[in-house]
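Now, the feature entries from Swiss-Prot:
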type: BINDING; residues: M37, G185; note: substrate binding site
type: BINDING; residues: R113, T158; note: ATP binding site
Amino acid sequence: MLKELRQKRPLVHNITNYVVAQFVANGLLALGVSPLMSDAIAEMPDLAKISDALAINIGTLNERTILCAKEAIKRYKALNKPIVLDPVGCSASALRYDTSLELLESKGISTLRGNAAELGSLVGISCESKGLDSKHSATPIEIVKRAAQKYSVIAVMTGKTDYVSDGKKVLSITGGSEYLAAITGAGCLHAAACASFLSLKKDPLDSMVQLCAFYKQAAFSAQKKALENNGSNGSFLFYFLDALSLPIELENSLIKEEL
């Protein structure tokens, strides 16, 4: 799938937050994807025609970006193009939560990705949340499956172990690196990468499982190189971008279908 992605080089439109825009763009370029970053409402009709997929990230939400996201969903939905929603911090404020619900209720979102607190809040499971990180008491399988069922989406829940569900099946993906939680934008780039893989129009559940596995293996490879060179967060970030650009043989042993 990665080889096909790089051959096709899809154009992926990102309505993302200003904290991570450059990192997301560089990460997509490393993947072999052409990034397009725009939140100008007037551009949405034209950009929907030329882009292969859309990723919406509400990390720095405001009234203008809300209107832009709504218009973008309307345009991409009409063209039957994949849309990924990353409801960043939706468990932290009423504005984020209400906006996430409104975007999901548009029925244009094909994939919802977030952490346990974010997905948990959207399905009514109480989670303890601080900033963009989360701790939860409900089982991850319950949260991700319920999210997929409630919103008729592929649900992707990231963390130490990733979980992906279509509402019927749940698959878990292990591996990765603790450094992913120590850099800004890892989740935001993950959402954009989700949109990239979905642009290939393959089975969406399998596409998200493959993406999660690749992302974790790239992170593990970057951590290994960083530690070998006595590095930490900073060097991990650079090695991670390198790893995203390299061919990686997926380890299927890290993927498990849950009961």
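Placement of Cβ uses the backbone N, Cα and C atoms for every residue, glycine included.
Not measured: the values here are computed from a predicted model.
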Integer Å distance between the CA atoms belonging to M37 (substrate binding site) and R113 (ATP binding site): 19
Listed binding-site residues (M37, R113, T158, G185), ranked by Cβ neighbours within 10 Å, top entry: R113
Cα-to-Cα gap, M37 (substrate binding site) vs T158 (ATP binding site), nearest whole Å: 23
Inter-residue C-alpha distance, T158 (ATP binding site) and G185 (substrate binding site) (nearest angstrom): 13
